[in-house]
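Let me begin by presenting the structure, written as structure tokens, before commenting on it.
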């Protein structure tokens, strides 16, 4: 009976070790992903123009190319670009730390619960930070003259907020389960 339980535990740890290696592959691929995002931002207007008919192609000119912006515009645009990419890098980092702990057999420890809590906070706050910074940068680019019009966006990603609230609730449930388990072990 204990042999089956041990093999299941070992299989789970093996799975988490593989997942840990997958996260290292994600980190290794991060420069490629950043390059692809950079390329998509700098070639968007040309790609849109190529997909339109010849009489519609001039409409693609409303999509700003950050390479043709003024120096303050470039600084604003690439700062926003870096901020948005750092959000994903931070989340990947927190997840990787948690998986790394799981692979070492440390699943229900305070560091894991703290990681879940920070992920939840980031997921709840990020949509508001993203909308505010994106609108501020878009307006500044309009005032500088690097974009032709300013169209504010008010799209708050409710799904991301809901995911963060779910993680907050899950953290408290896991915390209570750990307390109940420790109380149960003390009474036996």
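Glycine is treated like the rest: Cβ placed from N, Cα and C.
TrEMBL lists 21-38 (among others) with the feature transmembrane segment.
Annotation comment: TrEMBL describes 75-95 (among others) as transmembrane segment.
Sequence-remote contacts of a segment are chain residues at least 6 beyond its ends whose Cβ falls under 8 Å from one of its Cβ atoms, and for the transmembrane segment (116-142) they are 64, 69, 72-73, 76-77, 79-80, 83-84, 87, 90-91, 94-95, 98, 148-158, 160-161, 163-168, 170-171, 174. Residues annotated as transmembrane segment in TrEMBL: 116-142 (among others).
Annotation source TrEMBL lists transmembrane segment at 154-174 (among others). Within the chain, the transmembrane segment (154-174) has long-range Cβ neighbours (under 8 A, six or more residues past its boundaries) at 108, 113, 116-117, 119-128, 130-131.
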